Amino acid sequence: MEVNSTANTLSSAYLAVEYVDSFLPENPLQEPLKLAWNHMLQNYSKFQIATWGSLIVHELIYFLFCLPGFIFQFLPFMQKYKIQPDKPETWEKQWKCFKMLLFNHFCIQLPLICGTYYFTEFFSIPYDWDSMPRWPFILAQCFGCAVIEDTWHYFLHRALHHRRIYKFIHKVHHDFTAPFGMQAEYAHPAETLILGAGFFIGIMVFCNHMILLWAWVAFRLLETIDVHSGYDIPLNPLHLIPFYAGARFHDFHHMNFVGNYGSTFTWWDRLFNTDSQFKKHYSQHKAVKSD
């Protein structure tokens with residue numbers, strides 16, 4: 001009964017997206033993307049695309065999205081948006097973070113990425129252009145992946161804060177009480193595996209083309225780097241996402257260590273009242289700011 005209910009929900013969601021898609025114009029970048037995609041298929045094997053292509057996509061997107069936050073520290077006019085201005089980034093912290101990232105990316109995540117080809121083959125996930133879903137479907141699937149990952153992240157992240165195990169694993173991620181973008185994947189190797197597992201659950205539910213793997217990587221990296229950026233930038237387009245947590249919400253988690261356990265959304269914290277300390281802090285912040 002539950003399986004049928006889930007299938008009906010997904011079917012209804014796809015019909016809704018298809019209906020909206022029927023009113024949307026064609027993507028002006030469609031032809032250039034088609035040429036580039038077909039060129040890739042003609043010159044590289046599926047294994048090379050799934051393995052080395054995925055690694056390149058992850059590294060380029062990760063450090064590209066980290067770049068604005070890195071530059072902000074040198075721009076005086078951006079400091080008014082820094083959430084914890086009394087705790088600036090230092091070269092020592094950033095170098096420490098970068099070394100841990102290299103280890104996690106190439107010694108923990110790369111072996112996992114090497115399994116991408118076998119995953120796509122086992123589930124018969126296509127690579128060809130003609131099977132690629134249109135971008136509204138990809139966005140909807142990424143949102144579905146985010147909902148699933150956020151649920152996994154909330155409960156496992158909260159468990160990692162249990163006093164009996166916190167110091168052994170999750171404490172590493174809290175080395176910095178004032179986060180910065182590059183720190184998004186700074187974590188104990190065990191945490192990389194535990195919390196990272198949530199990334200793959202949505203893929204197993206929604207993935208119907210290789211492009212979704214890369215689109216979901218891009219969306220997840222953009223989100224996690226944004227919430228770790230340390231800057232609450234006005235007119236952030238990500239804030240258009242319903243119940244989006246944002247930098248100020250997650251920054252409080254690093255400053256306070258307790259509460260605000262969600263990764264992308266705020267609903268689990270609201271439901272279990274684990275954002276109560278944040279609400280009190282934020283209301284005081286707004287009161288001081290208005291004075």
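Cβ atoms are placed via backbone N, Cα and C, with glycine included.
Lifted from TrEMBL, the feature list:
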type     : residues : note
TRANSMEM : 60-79    : transmembrane segment
TRANSMEM : 100-120  : transmembrane segment
TRANSMEM : 135-156  : transmembrane segment
DOMAIN   : 144-274  : domain 'Fatty acid hydroxylase'
TRANSMEM : 192-217  : transmembrane segment
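Sequence-remote contacts of a segment are chain residues at least 6 beyond its ends whose Cβ falls under 8 Å from one of its Cβ atoms, and for the transmembrane segment (192-217) they are 49-50, 53-54, 57-58, 61, 104, 108-109, 112, 116, 120, 123, 125-127, 131-133, 138, 141-142, 144-153, 156-157, 160, 169, 185.
In the domain 'Fatty acid hydroxylase' (144-274), helix, strand and coil residues by DSSP number 87 helix, 3 strand, 41 coil.
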